[in-house]
Amino acid sequence: MVSNMSIANMIISLVVTLAVVIGTFIYFYKKEKITIKPVLIGAGTFILFSQILEKILHFVVINNKIFTNPLAFAIYGALAAGIFEECGRFIAFKTVLKNKHQWKDGVAFGIGQGGIEAILIGVLSVINYLVMSNLINAGTFDQTIGAAVPAESLTQLKTILTGPSSMFLAIGIERVFAFTMQIGLTMVVLYGVRYRKNLYLLLAIILHALMDVPAALYQTGFFKNVWWAELIFFIYAIIAVIYIKKSKKSFEA
């Protein structure tokens, strides 16, 4: 059985993630007069570079078993995410957004990119967990899902869903932190594009890779408690917020 606390935490994560993404958009739309185009381009860039192109690379790497060491695979995953997403931002601002290099445009792009990531990775995952939790509690999980999913995967899903309830609260918290960091990374790339300092792209790739390190450390078992990873995410998010606010002056120069 999936506990009521786990289900409650799933709902909290769902609501908090959507509220932060939508609330941030509304706030900057009213206060800074951000436009819709960079938001949509940001979302589209994430889908193209992260969910399509990067996934193709992962398919090749995994099927050819290029990385057999868990730590090496974690490093590869972090670098791949950084390269694809940051290069995606760079290309977008160099092409379709070549006339949108103001501070507010970077914020708008980050909201789009971070927002769609939060929805695809956070919100949809939670909805999926809620559906499966209801099936488990109704006693129809095996007969509904069993025919389409291997037995080993079914066992893993049940283990996740019947695990510590705090894990489901961590999903929403992590998505909020990641959303903030995506806006911050966008400002780094845009600053480099605006002032023709291409080294800022490399900096963004490195920062993005570092952003993925806490999750990788948890997945490889270095962190036994997920909240150590979330603590590092929290520190990253605070740094991102400070940078986003302070970077506004550099775009006015």
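A Cβ is built for glycine as well, from the same backbone N, Cα and C atoms used for every other residue.
Record features, source TrEMBL:
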- 6-28: transmembrane segment (TRANSMEM)
- 40-60: transmembrane segment (TRANSMEM)
- 66-85: transmembrane segment (TRANSMEM)
- 106-131: transmembrane segment (TRANSMEM)
- 167-192: transmembrane segment (TRANSMEM)
- 199-220: transmembrane segment (TRANSMEM)
- 226-244: transmembrane segment (TRANSMEM)
> What residues in the same chain, six or more past the boundaries of the transmembrane segment (106-131), come closer than 8 Å to it by Cβ-Cβ distance?
Replying inline: 7, 10-11, 13-14, 17-18, 20-21, 24-25, 28, 32, 34-47, 50-51, 85, 89, 92-93, 97, 100, 160-161, 168, 171-172, 174-176, 178-187, 189-191, 244, 251
> In the same chain, who gets a Cβ under 8 Å from the transmembrane segment (199-220) while lying at least 6 residues past its ends?
Replying inline: 70-71, 74-75, 77-79, 81-83, 85-87, 89-90, 174, 178, 181, 185, 188-189, 191-193, 226, 228-230, 232-233, 236
> Is the transmembrane segment (226-244) packed against any residues at least 6 beyond its ends, judged by a Cβ distance under 8 Å, and which are they?
Replying inline: 107, 166-167, 170, 173-174, 176-178, 180-181, 183-185, 187-188, 210-211, 213-215, 217-218
